[in-house]
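Single-structure report; data block below.
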Amino acid sequence: MTQKMIAQVPRHGLKLTQAADVKQPSIHLAADAVIVGSGAGGAIAAYELAAKGKTVVVLEAGPYVPSEKFTEMLAIAMGTLYQDHGGQSNTEGDISILQGACVGGSTVVNAALCFRTPDYYLQQWAQEFGLTNLTPEVMAPYFDKVEANLHIRQNAPHETSPGAELINAGLKKLGIPPGIAKRNIKECGLTGFCFAGCVSDRKQSMLVTYLPWAVAKGAQLFADTRVTKVLADEGNARGVEAEVVDPATGRKKADLRIDAPIVVLAAGPVQTPLLLLKSGLANSSGQVGKNFACHPTMSLTAEFDKPVDDFHGATHSLYVDKYTLPEEGGYLLLNAVQDPVEASFQVEPGTGKPYVSYMSRYRNTIRLITLIHDKNVGEVGWTDGAKAIRYTVDDADFESMKAGLKTNARVLFAAGAKRIHLPTSHALAIEGPAEIHRVIDGLRNEPSRYRYTSFHPQGTCRMGADPARTVVNPKGETHDVRRLYVVDASLLPTSIGYNPSETVYALAHYIADQINAPQA
Amino acid sequence: MSDLNRKVHEALAQIGRMTRRDFIRFGAAVTSAATLGSLGVANAALAALPEGVHVMTESEHAVFARLLAVMLPTEGSRLVPTTQVPVMQTLDAALLATMPPHLLEGLKGGVKYFDEGPIPRYGKRFTELDDAAAARFCDEWANAPEAPHRALAMGLKKLVGLAYWANPPTWVPLGYDGPVTRKWGLKSLGNAPMPK
């Protein structure tokens, strides 16, 4: 098939088809490749395949929200840009699992923090999962490539926030080395609204990079289009069936069928396994949807005597990874600015006047996040026709969280905090450094006791050499169905303890190269 | 007009200028309620089901409204009075209306369970408790040995809190200035050029 080439990337916006553009009740297209999802993995695969002359169709379930429509209000962004309007959680309801659900996926609403996959995990994946192809030497050029394409740079000295400056001072007092954030942001406007989408297109999300590039190479992009079934016969991918849904009414506007010999799944670690399970494909191992991990986080909120105003600035400025590898503790600390909507539910000061008093001192607060490397103990599946994310924090992982919270609290007190609130269901605060161990040692791993947030679901179609233990082979193709690929964080055989976006970017490039390579 | 009141009114006016499309579901509640003006909202709150509330029932509204009053007693504080904020409309249109049906059904059951929760200990429903007892009940359930009690206390308060704080006028007394890109004149960098 011949790919129609468009010479120029437009200065702004994306050429695509939305539900409002669809007039006929049924659409039937043919392409070389159909890609399900337009986030990190899908956009990169679309560009790489289109750049090699393949006809590519990208199907995104979420809406197209151009950056000029972003409101810089988190509550509204949750409703328009996030999965389940920001309400996605585990079945216990105590872990908020946040994912983008719009054209560009989570890259539109993440904080742009990038880390290369640590060699530690590449080596572990080689030893335990047979991924001997993903050596640090093989992966290095892929990291180089995405860092160049997405303008991934270490924060300049001015790219910080008032809270980060306090935390940095605390780290210095304690002799803990800070890590300076690397982000895919160009000329950061320091608004602090990464989680609500970047109005001025400084964040180099897929919305302003790989998607317009892919479209310029001839890829066709549909928004508001949910894939309902992956098609295969005789062990070969054949295409997908989908529905175009009016986002305003929730009603189906058209059926869509794409015939394509290459199918690339990039719907994310929740939707990709759900789609495979619904399609009854690629699950001879029984591992589709299993091995879910999500890097649970808890934020400590520190109160200071004076206003800090930690709501504008770089969303992330610094981190502490001295204790991030499992043998060192298994936790990462990250600063982040916080708006009042988030602050309103992160802790429980007590009902009534204590809460009013606490929120009245919002300007005096900062938060420091503890993120843990967790075990792959969860599962994504269907229950009575509805998705279910069954995951509770493992007891050993909870001990890592407690260790992380202790370090977190030490840093905040060293930074000058007068009181620290814990993200528990009940009112719990630490009034001084001497109380840290007593209070945190008293925490028990119980459901619905803590206010967890996860930005990093992963692991549900894990990659490996053994078809009995893994879903996807070392080249990104499912063991069971030829030319059916996965290019999102479902692939990760273990959690990696760091933000996984750059890992996904690099793996998507690597797998796109395997797709483009001559087939035996 | 005090400086605080002026800023609150400016924020309300700003919301009124935003288009319905900007808000989609969330803003629909905020915009329609904000254009009523604070008096209209306050009057509406006295009705069994205020204008703009379609998903919750009268009894569910009574629980949420009581929880709002107990959770956010703004009298004597700098915070915007809850009667001047379309909390119930925001909760209904932005949060409840967007829930998948099975979750909404579970929530409705949870609201009823929460309302009946104090009966064994207090001999009254949550909606019948006085302020002090109602606050005490919320704190007891937040620290209860039963996970569903903790989940409900935490979850219902989160919903009500979100519906209050999502309204920009509530930010003014906190000293939070909200969106800044346009105010600061930051220009869009647009799409990145194709890599070479």
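Glycine is no exception: its Cβ is also placed from the backbone N, Cα and C atoms.
Note that the structure is a prediction, hence the values are computed from the model and not measured.
Now, the feature entries from TrEMBL:
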- A:32-65: domain 'FAD-dependent oxidoreductase 2 FAD-binding' (DOMAIN)
- A:80-296: domain 'Glucose-methanol-choline oxidoreductase N-terminal' (DOMAIN)
- A:388-508: domain 'Glucose-methanol-choline oxidoreductase C-terminal' (DOMAIN)
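Note: the domain 'Glucose-methanol-choline oxidoreductase C-terminal' (A:388-508) comprises 40 helix, 22 strand, 59 coil (DSSP; helix = H, G, I, strand = E, B).
DSSP assignment over the domain 'FAD-dependent oxidoreductase 2 FAD-binding' (A:32-65) gives 12 helix, 8 strand, 14 coil.
Mean model confidence of the domain 'Glucose-methanol-choline oxidoreductase C-terminal' (A:388-508) amounts to 98 (pLDDT, 0 to 100 scale).
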